[in-house]
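Participant: Here it is, the structure in full.
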Amino acid sequence: MWRVRKRGYFGIWSFPLIIAAVCAQSVNDPSNMSLVKETVDRLLKGYDIRLRPDFGGPPVAVGMNIDIASIDMVSEVNMDYTLTMYFQQAWRDKRLSYNVIPLNLTLDNRVADQLWVPDTYFLNDKKSFVHGVTVKNRMIRLHPDGTVLYGLRITTTAACMMDLRRYPLDEQNCTLEIESYGYTTDDIEFYWRGDDNAVTGVTKIELPQFSIVDYKLITKKVVFSTGSYPRLSLSFKLKRNIGYFILQTYMPSILITILSWVSFWINYDASAARVALGITTVLTMTTINTHLRETLPKIPYVKAIDMYLMGCFVFVFMALLEYALVNYIFFGRGPQRQKKAAEKAANANNEKMRLDVNKMDPHENILLSTLEIKNEMATSEAVMGLGDPRSTMLAYDASSIQYRKAGLPRHSFGRNALERHVAQKKSRLRRRASQLKITIPDLTDVNAIDRWSRIFFPVVFSFFNIVYWLYYVN
């Protein structure tokens, strides 16, 4: 019983296959090629290419499939991308239906010039072409029910308006807009053939700077002054790969910024080394900025990478200005202020010593004369102007006090009074020398700027990086 039913089912299902095989053999048989030729001639005879299928009736439904071969280039400068694809359209034309041969007919690509085809075009196309090696890459396939499958291998460069505010941490949406040029929705309708499976090959695409995160298929109608037109949109969501920019832009900028801090560990009086290092790092950052601007369009807003390079440039430039500040404090403003203070102290000391000598030396036992003191002060000023500012303190050492012995005998009372007077003068000179020493800038005060810079610059730069990456990555 079951065997009989099984054999019956096998006979029912195998009958169409047997018929198809017989027909295929009959078609491929050279003796029956005349039948195929007569069928094609009959279909093309009287066919009017100027009229769409079902002219005057319902609109022609055109289904579309896209098999993406590659995305060759995404250009930020030109705001476009280049796509190579197999573009297929299918519609039904009752004028091309046949029942003599129950098989599909794949015809020569030149037959497409004798049939009606949709006036499809790419709305955001800049430049497109159909491949022609070794012959024009077109396909025409007819089905017995009149369905026509029309395929093309196309390379198109389509416009893609990009928002580069977050470049190179950005995501872009690039679309391919497909539309009918002349036929309105009263004559033609577009739809994605196979719904979500209408576009294939996306997952196989590999781009050097981007990753395809997602894609969407959109069907809509657009209204112009000439009527309503069908439109299909294929939208790619592209995420830029940051690896290239880490190696080519971010890491060099970070290393150059850190290199500019080396000057904080170089001695303050090594002007040639510190200035050369600062200028070199500034020029290197300028070169990186210039190279980056050449690879991007001239846009009116600031990009994320501009913010980072600008921040690095500021840190490098501030490191150069830091040495200018140290140099000015030690070799500029400091010595001028020290010289003025030394002159005031010397003048006051000379005047007071002259008055005291005139009043308290009846026995002609005096300190160094005013002329000798002035000469010694002039010598100290010359030393201060030519050498290290610390050397000015040497002019006021107590050992420079000299006495001139009188030729006349002295009483013990006068000797004691003179000794007390000399002791007072020595003490006063020591105090003057101590005050002058205090006004001289210590090297530790100048080096403190470098010590603070060694901490301040890395901390602020680290904070800048944390804020930058948290903001643009999230």
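Numbering starts at 1 and runs along the chain as it is shown here.
Just so you know, glycine gets a Cβ as well, placed from its N, Cα and C.
Feature table excerpt (Swiss-Prot):
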- Tyr121, Ser180, Tyr181, Thr226: histamine binding site (BINDING)
- Tyr181, Thr226: 4-aminobutanoate binding site (BINDING)
- Tyr403: phosphotyrosine (MOD_RES)
- 26-244: topological domain 'Extracellular' (TOPO_DOM)
- 327-451: topological domain 'Cytoplasmic' (TOPO_DOM)
- 245-266: transmembrane segment (TRANSMEM)
- 270-292: transmembrane segment (TRANSMEM)
- 304-326: transmembrane segment (TRANSMEM)
- 452-473: transmembrane segment (TRANSMEM)
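Can you walk me through where each of these features ends up in the structure?
Facilitator: Cβ neighbour count for Thr226 (histamine binding site): 8 (other Cβ atoms within 10 Å of its Cβ, all protein chains included).
Within its own chain, the transmembrane segment (245-266) is flanked in space by residues 168, 273-274, 277-278, 281, 284-285, 288, 292, 305, 308-309, 312, 315-316, 319-320, 322-323, 450, 453-454, 457-458, 461, which lie at least six positions past its ends and keep a Cβ under 8 Å from the stretch.
Sequence-distant contacts of the transmembrane segment (270-292) (same chain, at least 6 residues past either end, Cβ-Cβ under 8 Å): 249, 252-253, 256-257, 259-260, 262-263, 305-306, 309, 312-313, 316-317, 319-320, 323, 327.
Using a Cβ-Cβ cut-off under 8 Å and counting only residues 6 or more beyond its ends in the same chain, the transmembrane segment (452-473) has close neighbours at 166, 169, 257, 261, 264-265, 304, 307-308, 311, 315, 318-319, 322.
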Participant: CB neighbours of Tyr121 (histamine binding site) within 10 A?
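Facilitator: Excluding its own Cβ, Tyr121 (histamine binding site) sees 13 Cβ atoms within 10 Å.
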Participant: Taking 8 Å from the centroid of the Cβ atoms of Tyr121, Ser180, Tyr181, Thr226 as the cut-off, which other residues in that chain fall inside it around the histamine site?
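Facilitator: Counting only non-site residues, the set is Asp119, Glu179, Gly182, Tyr183, Tyr229.
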